[in-house]
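> Have a look at this one before I ask anything.
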Ligand SMILES: Nc1ncnc2c1ncn2[C@@H]1O[C@H](COP(=O)(O)OP(=O)(O)OP(=O)(O)O)[C@@H](O)[C@H]1O
Ligand SMILES: O=P(O)(O)OC[C@H]1O[C@](O)(CO)[C@@H](O)[C@@H]1O
Ligand SMILES: [Mg+2]
């Protein structure tokens, strides 16, 4: 069996552990030949790849990023030629199948290619944890740890100056990082893309914290909108898929809070710090197991599926289960923590 592997979408901690897991199981145990495309679908288009064997993946589990690189290039661009173009490249390289490592967008593409008759297997990753069909994705635990440390640090400087500190974390459509880091760090207000709040409500919470003699800590996901805002805050430019780059909501909120409450406020945007660096032990284990499971699923011919964590078990689910809808923060999880705000 000859298998190609690629990473698509944003990088995240744990990618290298997943690549290593798939290669050790696939090449050493199951006898596959494996190659890794450089920079996602761009590597397929440009015929740019490296052989993957035990030597290529030596010692990479603790490394952040991905040895293969990644991009948001689509296989459906004119240059790539869609499913037919991918089939041609696979035939040239004598590939029996592909493992696509990525989030919701990547697995949507995997499903489209699978429906076009290409043997594809999905391996889930994303710091946002918004991919359905799996309990957790690797990268999320590391991002939450980094965001929690940021909250702990902002709290001491905020308390010293009696300020309101507003921390913006990633989360385009789902607020999992904000929710978990905010709970771990004891933030007094947590604002998620799924649940708009009014400016009056946010300021009421902030004032109640100040009235108790504490300095308010607000965590906000980049995709959050205040009630009445037409759209989310964006920065100049588009991402590799032509979507607006999100970000800036903390810088919108901090001056509004300061003006309305009289509490001096500061905004911090954590940005890509939460996507880089070494993965936590939890993410390394999850990623390694996901890689191993991907190789086993390939061996079993489970094309059109995605590796999934269910409870403590690695399973596979149809790709459609993963991409039909986004895994948003459910209302029950938000209500549970919202009662503690202020
Ligand atoms: N519906 C779609 N049709 C065609 N191409 C798509 C579609 N959705 C995603 N893609 C392609 O797949 C790429 C990866 O998707 P996306 O950028 O959303 O990353 P992801 O895999 O969801 O990871 P993350 O969002 O966690 O960074 C996109 O940049 C785009 O090129
Ligand atoms: O700067 P980039 O690579 O476009 O990625 C930003 C996006 O990536 C994500 O972290 C997902 O990986 C989103 O939360 C965020 O909007
Ligand atoms: Mg995505």
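Including glycine, each Cβ sits where the backbone N, Cα and C put it.
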> Of 10, 14, 171, which one shares the ATP site with 72, 73, 103, 104, 105, 106 in TrEMBL?
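TrEMBL names 10 for this ATP site.
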> What is the interatomic distance between the Cα atoms of residue 128 (active site, proton acceptor) and residue 106 (ATP binding site), given in whole Å?
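Cα-Cα, rounded: 14 Å.
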> In terms of Cα spacing, which of the binding-site residues 126, 172, 273 are within 10 angstroms of residue 104 (ATP binding site)?
126
> Of the residues named as substrate binders, 126, 127, 128, 163, 170, 171, 172, 222, 266, 272, 273, 274, 275, how far apart in Å are the Cα atoms of the most distant pair?
33
> Which binding-site residues from the set 10, 72, 106, 170 come near ligand 2, judged by a Cβ under 6 Å from any of its atoms?
10, 170
> Which one is it: of the binding-site residues 10, 72, 73, 103, whose Cα lies the shortest distance from the Cα of residue 275 (substrate binding site)?
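Nearest by Cα distance to residue 275 (substrate binding site): 10.
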> Taking the binding-site residues 72, 105, 170, 172, 266, 275, which residues show a Cβ-atom distance to ligand 1 below 6 Å?
72, 105
